[in-house]
Amino acid sequence: QPKSTPTLTVFPPSSEELKENKATLVCLISNFSPSGVTVAWKANGTPITQGVDTSNPTKEGNKFMASSFLHLTSDQWRSHNSFTCQVTHEGDTVEKSLSPAECL
């Protein structure tokens, strides 16, 4: 089975959620094979380990997909310039960043 590097999409928190002082970022990891991935989140380049919830990969056709959630408060979300979802797969690292300023 050919190796396939994951595609990442990062979604910002919803405005409804921010009103409740919560912020959940979602990193969608898709189209990868084989199934082993390691997900790390960073805020302004610094690793975040708390509030991270990553699903087990599920098979979609002959590829896999997974998602990782980063649970923050709205203050944490607003107080950083960038959030990055970093995925390591078969020795390759792919990352996708999201900037709160672009989401206002």
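For all residues, glycine too, the Cβ spot is worked out from N, Cα and C.
The disulfide bond feature in Swiss-Prot is assigned to Cys27-Cys85. According to Swiss-Prot, the feature domain 'Ig-like' maps to 6-99.
Neighbour density for Cys85 (disulfide bond): within 10 A of its CB lie 27 other CB atoms from the protein chains shown.
According to DSSP, Cys85 (disulfide bond) sits within a strand segment. The 10 Å shell around the Cβ of Cys27 (disulfide bond) contains 26 further Cβ atoms across the protein chains shown.
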